[in-house]
Amino acid sequence: MDIRKFFGVISSGKKPVNETVKNEKTKASEGTVKGKKGVKEAKVNNSGKEDASKPKQHSKKKRIIYDSDSESEETVQVKNAKKKSEKLSLSYKPGKVSQKDPVTYVSETDEDDDFVCKKAASKSKENGVSTNSYLGTSNVKKNEENVKTKNKPLSPIKLTPTSVLDYFGTESVQRSGKKMVTSKRKESSQNTEDSRLNDEAIAKQLQLDEDAELERQLHEDEEFARTLALLDEEPKIKKARKDSEEGEESFSSVQDDLSKAEKQKSPNKAELFSTARKTYSPAKHGKGRASEDAKQPCKSAHRKEACSSPKASAKLALMKAKEESSYNETELLAARRKESATEPKGEKTTPKKTKVSPTKRESVSPEDSEKKRTNYQAYRSYLNREGPKALGSKEIPKGAENCLEGLTFVITGVLESIERDEAKSLIERYGGKVTGNVSKKTNYLVMGRDSGQSKSDKAAALGTKILDEDGLLDLIRTMPGKRSKYEMAAEAEMKKEKSKLERTPQKNDQGKRKISPAKKESESKKCKLTLLKNSPMKAVKKEASTCPRGLDVKETHGNRSSNKEECLLWVDKYKPASLKNIIGQQGDQSCANKLLRWLRNWHKSSPEEKKHAAKFGKLASKDDGSSFKAALLSGPPGVGKTTTASLVCQELGYSYVELNASDTRSKNSLKAVVAESLNNTSIKGFYTSGAAPSVSARHALIMDEVDGMAGNEDRGGIQELIGLIKHTKIPIICMCNDRNHPKIRSLVHYCFDLRFQRPRVEQIKSAMLSIAFKEGLKIPPPAMNEIILGANQDVRQVLHNLSMWCAQSKALTYDQAKADSQRAKKDIRLGPFDVTRKVFAAGEETAHMSLMDKSDLFFHDYSIAPLFVQENYLHVKPVAAGGDMKKHLMLLSRAADSICDGDLVDNQIRSKQNWSLLPTQAIYASVLPGELMRGYMTQFPSFPSWLGKHSSTGKHDRIVQDLSLHMSLRTYSSKRTVNMDYLSHIRDALVRPLTSQGVEGAQHVIKLMDTYYLMKEDFENIMEVSSWGGKPSAFSKLDPKVKAAFTRAYNKEAHLTPYSLQVVKTSRLSTGPALDSEYSEEFQEDDTQSEKEQDAVETDAMIKKKTRSSKPSKSEREKESKKGKGKNWKK
């Protein structure tokens, strides 16, 4: 059978007569096929619950819906045929109907003459013997022949039959749910007598059936696609469901039927399935129906239950059964893999056909699509949701101090009387912590309107307490106060330090007592001598005078030390004394410990490995850095890089020389410093041992702020530093802030890379609160959080801010600390790409930025910021548009107008030097476009293309100016005329001989160039200027051999030009004051020599050199003869 007819894709014509003859041959085996077909029907009806529940009339009329264009004509013929057949029916009585009826619904056409053929055939049977419709001479036969002759041209299409098995494959046909159409056609034959009663009823029924069929097709497409997606899983589910033997028998009978059909040829297959799906006469259908009901009573009952069940429950059951079966299959596969892993290779006989579970199809299930749809709708509602409706209506309670400390909160949705940020600051004010996602550590979920479904589901699964807005306020109101754990830790640390201080004086006193007896004996001897010499009164006075002096000295020393400590800054006062005290560097794999191990093993590693590393850089590097001669510490300021380097050197006993940005680090100064540091000895060695210490190798060089080596002061410093690293005999420690700086990229390959990260807020907070407790400064822990975040986690900046605020008052509240930290917020330098991203960014990042903050983005680099905005505003999807293209275009238009206004202001600033208009330009060029197009960028910010185009415009203008000057003696025209009228023709004249003649055309081109006084550079410039952008020039398409021949021919000859060929060189006479005198003298000598060479006559191209003849001239001979005579006369 044709698969296109099976699905009703095209309108089929009348069945040809040959097919009816073929069907007569297959009628003998029709009984057996019917039995199997009944089993198939039962199986299909169980799977296709949706189609079975529909009325039976619609399926019958499907043949009429896909009718040809001549429907009106056929209906008239049907009416006449019916009237004649009714007259004949009076004389004939139908006898027993035989099953071998060749006209019983054999035709596959969609026309109404099927009914005529059926009725006429039934009337022509007498005494149980069927008369041949082609041999009889009755009126019915005449009517049949008239109808056939009229309808033959309506079905001229001959279609090659295609089997369902060939189209879908054997497995798909076994499990196809679309065979429900055949059973419905059989059932619909019972209702044919009702449609014959009245012609008007037939027309009305046709119209109704057309509408019903269209609706059914609309709903059937989606179901058909889903059944195709679930074809491979359905049979397994039905096997699991059916425990009765009848289900197994039906499935096996279907398989037997299919195996028989496969043995035959493809046309036989088509006939077999076409006869199986055709309907037959009412009497025969009644018998077949009764036999089916008798054979399969349980399946008919099961079919009724399936028809009564709703669609949704059936689909859910199918999906659940499918998931269970796929899960069981995966478990079985995993178990088989484990067994096969334990078995030897010879026993691995598991077939690969078992791995048929379609994982990709499960991801495209209806549940997943529904989830995606709901997530999309939730996100859209999140973007469009309203703010608090009763803002400020509820009184915010005042809770106890640190009442929420140790509790973690998550806020979701919109709170009605308070903003989200205010709720977050309220929780943090009382010591609580607010996170973004629900986890096991979350104590409370504060839920508002339009809350997130995933957070609420996760909180319910983890057993997290859910609060509303009132519940949060009641919790703050009722929770008791707590003492901060940071204060308790600071007190414990203070007690430990006091106990240490109390123990240390006792040790000193014991040491003094041990040493004092020898001194006392010497002093007693002196006292005796003085007593003998002097009177006792004098000795008493001396003793009395010496004792108070010693006391005064101790007191003054203590007072001086206390005064010095008070004068010190907190940064120096609480500077770490050991590596353990550095914040954020306590771990074993921290950068401080890595540097310590690297420096300890620096002299142990062989110099060959270090040379190899210096040559090949990253390729020879190791995790411990043993192959590097230098280390590079990079990270943000205030994280302890310099402190780490100095403490590591002190701990290992290295003496170090530090060069920072305040020192001159040029090429010569680096040589001198390194040479001195290699030969120097520390003065500390003279005190430890009496003799002068020998020169040791335990020296180190610390180069701080390497990325700041620029300008005339440090010219050549980076290259000299790299050279020192290659040949150094001492370790070098370099430090920088920006590791991605262009100057550092070459240095990175020769250094052990150690990247410092900012410490966490908790690490900094505990150390700062202990320092504040020692200084008597009362700061609540939430206020300390704000101070640390305001300083961008810079430990040095936090200490400076604390010392400054402590000078005013010894207590800080949360609000005061938050306000002060915002005012003292550290300014961070942003690049142009970061500025552009922030100008158009939407969300929390820019939600609280004021107008001044937005205009400050413009002032990061006011010369290039407008260009970045103009280049990237087209790549932003604005939130205000909401996906509407018309609104998007309106916003683009307004942003473009604002950028144009900003350009007009910039023109006024540059032309009239009116720099007071810069804030106005900031509003037009940055703030307004950012507000209009605030949204999400679809790509990384791109560099302004205007800069490249402006540069190429200037270059081309300069080239055209030079060309017009060189050709002025021939063209006598302006620059514009040369550009528009001459260059294109000159280009063609220069390239055409080379393309047509090849190497031989080079001389012709050179002659033309000499005519117009053009140089080789002018030739290349003409090719560049006269070709359109992006397209290759005509000269570039030439053969390389021709180009080389042209270049050689041009260089052989001397070319005279009416203009001077001056080579512009940068004069180095005006050197900066930072250069040494030796270098400046060398530069001056080089410049004078170059000037003399330029002024020499021999080097001038316009003067022709004289060729010296081989014979000497007369004057030269006379001079030589005079010289010879003088020599002889002297002798």
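Cβ atoms are placed via backbone N, Cα and C, with glycine included.
Residues or ranges marked as ATP binding site in Swiss-Prot (evidence: similarity to another entry): GLY635, PRO636, PRO637, GLY638, VAL639, GLY640, LYS641, THR642. For GLY635 (ATP binding site), the count of additional Cβ atoms within 10 Å of its Cβ stands at 20 [all protein chains shown].
The feature compositional bias 'Basic and acidic residues' is assigned by Swiss-Prot to 38-54 (among others).
Positions annotated as compositional bias 'Polar residues' by Swiss-Prot: 127-138.
Swiss-Prot lists 184-201 (among others) with the feature compositional bias 'Basic and acidic residues'.
What Swiss-Prot lists as compositional bias 'Low complexity' is 308-319.
What Swiss-Prot lists as compositional bias 'Basic and acidic residues' is 334-350 (among others).
Per Swiss-Prot, the feature compositional bias 'Basic and acidic residues' maps to 359-373 (among others).
Sequence annotations record features per position, and here Swiss-Prot assigns compositional bias 'Acidic residues' to 1078-1088.
The compositional bias 'Basic and acidic residues' annotation in Swiss-Prot covers 1113-1123 (among others).
Swiss-Prot lists TYR66 with the feature phosphotyrosine, giving similarity to another entry as the kind of evidence.
As annotated by Swiss-Prot, phosphoserine applies to SER68 (among others).
The phosphoserine annotation in Swiss-Prot covers SER72 (among others).
The feature phosphoserine is assigned by Swiss-Prot to SER107 (among others), with a large-scale study or a structure entry given as support.
For THR160 (among others), the entry in Swiss-Prot reads phosphothreonine.
Annotated phosphoserine per Swiss-Prot: SER163 (among others), in sequence order.
Marked as phosphoserine by Swiss-Prot: SER172 (among others).
Of the listed binding-site residues, namely PRO636, GLY638, GLY640, the sparsest CB environment within 10 A is found at PRO636. Non-local neighbourhood of VAL639 (ATP binding site): GLY584, PHE756, GLN757, ARG758, PRO759, GLN793, ASP794, VAL795, each in the same chain, at least six residues away, with C-beta under 8 Å from its C-beta.
LYS641 (ATP binding site) falls within a helical segment according to DSSP. The ATP site is defined by GLY635, PRO636, PRO637, GLY638, VAL639, GLY640, LYS641, THR642, and by the 8 Å test on Cβ atoms against their centroid, the other residues of the chain that qualify are ASN737, PHE756, ASP794, ARG796.
In this structure, PRO636 (ATP binding site) belongs to neither helix nor strand by DSSP; it is coil.
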